[in-house]
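Enquirer: The structure is given below, and queries will be raised subsequently.
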Amino acid sequence: MDLKEIRNIARENLKGYCRVCPICNGLACAGEVPGMGGHLTGSSFKSNVEDLSKVKIKLKTIHDAKKPDLKFNFFNTQLEVPIISAPITGTSFNMGNALTEEKYISSVVNGSIDAGTIAMIGDSANPTFYETGLEILKEVNGKGVGILKPKENSIVIESIKKAENINTIAAGMDIDGAGLITMALQGAPVSPKTVDELKEIIHSTNLPFILKGIMTKDEAILAVEAGAKAIVVSNHGGRVLDHTQSTAKVLPEIAEAVKGKIMILVDGGVRSGIDVFKMIALGADAVLIGRPIVFGAYGGYREGVSLIIENMKNQLIQTMILTGAKNLNSIDNSMISIEW
Ligand SMILES: Cc1cc2nc3c(=O)[nH]c(=O)nc-3n(C[C@H](O)[C@H](O)[C@H](O)COP(=O)(O)O)c2cc1C
């Protein structure tokens, strides 16, 4: 199987819900939520891709970074690449049912592990999606993370206990799901959380806790105060609110405030290993990939997911060789120029 084949099969299987465009930038699918698009005008999704494309890399070849080291320590689990598959739920019923939820999650979890990394699994109004994700993570000895919607604290705490029982690497919440009014209509209301409410959740577990959906320096500082061990700088791939800033744009300021105090993950518009490099240079420790992983799963199941990640890994190696970066810690903002 090659990437071209994967994309062609994915295009067929996604039945027009996603066109698998040459560049996945939110233009063709603007407003298609449910679907793969961004909220309303799609501006938040589009800015993620656009702003990242304005970060330019300084090519350098007189150095000794001949064999870059890509290893990333994720809460004592060693990953071969600083790339994690993002939590994505509901492709089964949102995108024409070519893959069941179970098949999607198992393709992503196993394909990610084959490529030397891990996946996060998501949550939705229907709790069976999270439960299915945990069942699949159990088969791989908990090698992954469950990300919960900001439901009532008692529900979140109970759901984290289930993750503890199968020894997942961490637990977390996509707190930017707080405005999803459709969740209330389906009997699972969500809401923002105060720092005290977050502390109650975080103190209830020994698992490192990840807060996904942080877009400002102030909230990154609050995440540290609440006791989170990682944040994901994310606007949910532009799916929850139109006209947010891009993740690439807010990342440097967030990194300046909290780097070293908390792990900084980021997602939104990362489409290649070159984009992974750019995000690390802007201040991230590692990245999450969303839509490209959907293409992998819909185009080649486990093998498709693994190939997507392997391809990005090879692009990242090439970028590190051509910038003089021996390892992830040596990637910094002196290696890029920002043209926005
Ligand atoms: C179809 C779809 C479903 C998603 N479902 C979830 C989810 O259940 N939980 C979550 O935290 N994020 C969810 N996300 C957001 C992703 O985890 C991630 O933040 C986003 O896709 C990253 O942007 P990218 O797709 O441009 O890489 C979803 C995204 C898409 C496209």
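Heads up, the Cβ atoms here are built off N, Cα and C, so glycines get one too.
Annotations in TrEMBL come from automatic prediction, not curation.
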Enquirer: Determine which of K199, K212, K313, K326 appears in TrEMBL for the same FMN site as S234, H236, D267, G268, G269, V270, R271, G290, R291.
Expert: K212
Enquirer: Could you tell me the maximum Cα-Cα distance in Å between the residues recorded as binding FMN, namely K212, S234, H236, D267, G268, G269, V270, R271, G290, R291, rounded to a whole number?
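Expert: Binding-site diameter by Cα atoms for FMN: 19 Å.
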Enquirer: Give me the mean pLDDT over the domain 'FMN hydroxy acid dehydrogenase' (1-340), rounded to a whole number.
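Expert: Averaged over the domain 'FMN hydroxy acid dehydrogenase' (1-340), the predicted model reaches a pLDDT of 97.
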Enquirer: About how far apart, in whole Å, are the alpha carbons (Cα) of G268 (FMN binding site) and R239 (glyoxylate binding site)?
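Expert: So the Cα of R239 (glyoxylate binding site) lies 10 Å away from that of G268 (FMN binding site).
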Enquirer: Around V270 (FMN binding site), how many other CB atoms lie within 10 A of its CB?
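Expert: So the number of other Cβ atoms within 10 Å of V270 (FMN binding site) is 27.
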Enquirer: Which one of these binding-site residues, G268, G290, has the sparsest Cβ neighbourhood, judged by other Cβ atoms within 10 angstroms?
Expert: G290
